[in-house]
């Protein structure tokens, strides 16, 4: 064909067609921080003695002083300013980390508000805008938090504090309250994966130690997810939050509360619709399976939900869905399977005949799963008629020989399972197709008649048909 | 209408409903999209009693189907029997307004708003308002979110008792415990304020506005900014200072950049809403701060508003304010570290020249234009060049031409083809402003160089550019400067360049007229019919078809026809195809 000649091969080397990640690889890792509003003046902190150098009774007071000093926040976007003081704060934070890990008796009641204040001053901030307008977590390098040298130590310190044997939630709950948790949750949107990792541990500890905050935390996570699904499609910490939820779900008491079931159906299932599913699919599927292991009667709504949101155009997502469905089928109870098998296998039959071979292949792999095979076998009289037409057609038509081979195996398996039905279906295949065609024709005629009618009436009385 | 219902029995509802239930989503979707046809077939009575109940019950479907349904129902009033029966449409739309998917819900709300206008005042109170109340007190956030969009359409047409209830419901939703609902309420606050009586704006709306503007979530606070602008337009000037300004001042200094960004983005509207006095006292310093914000997004949003803000300043004192307060910030932005900021500024900065007049432009703005023309980022330079017309009017483009030329040349040779493409698109405009002499001297060679660019999109744009230039400078100019060079390329060893000759001829023949086309172009085209490359030959056929209408019938019969006939027997099937097509289009058979 000569028509392609109009577009000569491009020799432009700096064009916008290379993958973003390739183009970006050369740039230095970007850093950003919204933490600091420049004050212009250099910062002075008066050096304090080391905690270990003062007598034990004076330590708690010195500890408080050091916490107060660490409330000072530095500008890390300006790499040259306050170098000495930055170093001083770093070493002080390091000392505090060690101190809360090994010391005893330091945690006076006055210390709690100071610790929370220091942590809040350092970690709570409006996250900076993303470097690129359309930050794509799969393609783009994350923007790293510039103040990490301090921030990391503050997180480290806070975790040691929460885990310390002397830590008393009953005192701390006055300071670690709903507002604190809300701000903490917002930080999960940080682009810096190191920060999200620390946040995960922090939130997990708080969830574990503050019973009064649990329902609140769950509700706020709900809100974050709903906003993510229905409003913005943007939130960096979904995987981390799901990971925490995975272990929370594990601990749910039976029978499950309505609140938890609603969370499954109205939040977790819709999370499957998000474009960036691949970034948190593993954690999401884990949560779903956790729920089903707790309460098998949820299987039907879950599978129906997945079928409702089944990807129409994105093959990669379809493969993920098939993977998750197999995880679910691995734990499904036969009684639940029967309830859902018809719509389920209609979808599987569509996947099997997908022109995208990875989708077809992933679906056909179900027949390698012994448990699923046993379920199919038990219900072959229902499933075989659903699957037959697709299988029969692909065995003749699919472009990919590997798929054709797999389909032959599946057909063979069906034949062995239920040979009478199989023969019947083979015999009626042609007449069934003809019947379908006839029905299709009847449909077309019906619509033609309806349209004629609309036209006639439209002419007769203008205005009836809205335009 | 009654006469139209005679043949209903032909279409039993079951058949139609089967269509709406078809297993294939695509077919179901098609059927829903033709729902009006089905309703028409059923007649108004059965649409009300059979079709609508069915639709209400089968609300569980793919979102795509539901979206189509929500849209259809907004246009259904006549199909259920007119305004008298319009309330029959409420039950299915109510269910649709509670689904999870935002687009479906929004569409349902849109349709509800539409049909609310078709309700009589009585029906509005009996049927519509209760629906709004049910949605507003729904369990799940989706229905409460939908309710937010419905208050303002029914408020003006109900009794004062019902009005009071509506205000109460809106108040409740503004302090809902899910942020999604508060966001929905905040985004409808301005709209709702507009339909309220002034006394309630002062007593109710202001407190809601203040509360939403200090919400713990910045996503709520930023929506309050927009509402603030609407509210400010409703209040008498003397109340603005006490009721709205404290909150807006606070928003301009919010700790979240998203909120500050919103303020910057809405700055022109805000300026108009609060009037000249507050603008001078409050907005000028606020605008300065936004231009100096620590977050680049905010600076870019503010930079975008520089021209509009200056334009709308009260005329008395405008120049002083700009020169002493705004221009210093603008100067700093010219050398901003962020290219988006610079490019936002470059897209509006030229507009300041009309406001400041010739002398100020030459003394203060020109250096900035020149600096931006030399900016490292091509987008900045492009934005300056694309707005040259503003300066042209004030000081004439000559002032700039010395710096303009290097900038244009550099862009013309930029490594990114999209940049080259953008500058080509400004060529006709530049040519018009710079005049034919300057153009011939400095820019003509660039335009020719693009014709042999290695990217097709550039060659194509260059061809189109030539056509526009000829339209500007005339056929004679074309004959002297362009045509010889274009035709010269017909002998180029590279077949792509030979084809460019043909593309140019396609574009130019009409503008150049019959004489030049027949005398100069046609011989070249005809000669190229012997080209070795099939692509060139079939493009000859296409060109002949294109320029045929410009030629006289003698040339067509004696010169074009034999060549096309020969091409129609070519070995290559594409050449044959296009030759035959040309023969039939030109009616030479």
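Glycine is no exception: its Cβ is also placed from the backbone N, Cα and C atoms.
Feature list (source: TrEMBL):
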REPEAT    B:12-50  repeat 'HEAT'
REPEAT    B:89-127  repeat 'HEAT'
DOMAIN    B:89-270  domain 'Phosphatase 2A Regulatory Subunit A helical'
REPEAT    B:166-204  repeat 'HEAT'
REPEAT    B:205-243  repeat 'HEAT'
REPEAT    B:244-282  repeat 'HEAT'
REPEAT    B:283-320  repeat 'HEAT'
REPEAT    B:326-364  repeat 'HEAT'
REPEAT    B:365-403  repeat 'HEAT'
REPEAT    B:404-442  repeat 'HEAT'
REPEAT    B:482-520  repeat 'HEAT'
REPEAT    B:521-559  repeat 'HEAT'
REPEAT    B:560-589  repeat 'HEAT'
Quick check on the repeat 'HEAT' (B:283-320): DSSP residue counts for helix, strand, coil, in that order please.
27 helix, 0 strand, 11 coil
Within the predicted model, mean pLDDT of the domain 'Phosphatase 2A Regulatory Subunit A helical' (B:89-270):
92
Taking DSSP states H, G and I as helix and E and B as strand, how many residues of the repeat 'HEAT' (B:244-282) are helix, strand and coil?
33 helix, 0 strand, 6 coil
Determine how many residues of the repeat 'HEAT' (B:482-520) DSSP places in helix, in strand and in coil.
36 helix, 0 strand, 3 coil
Where, among B:89-127, B:326-364, B:521-559, B:560-589, do we find the most CB pairs under 8 A to the repeat 'HEAT' (B:283-320)?
B:326-364
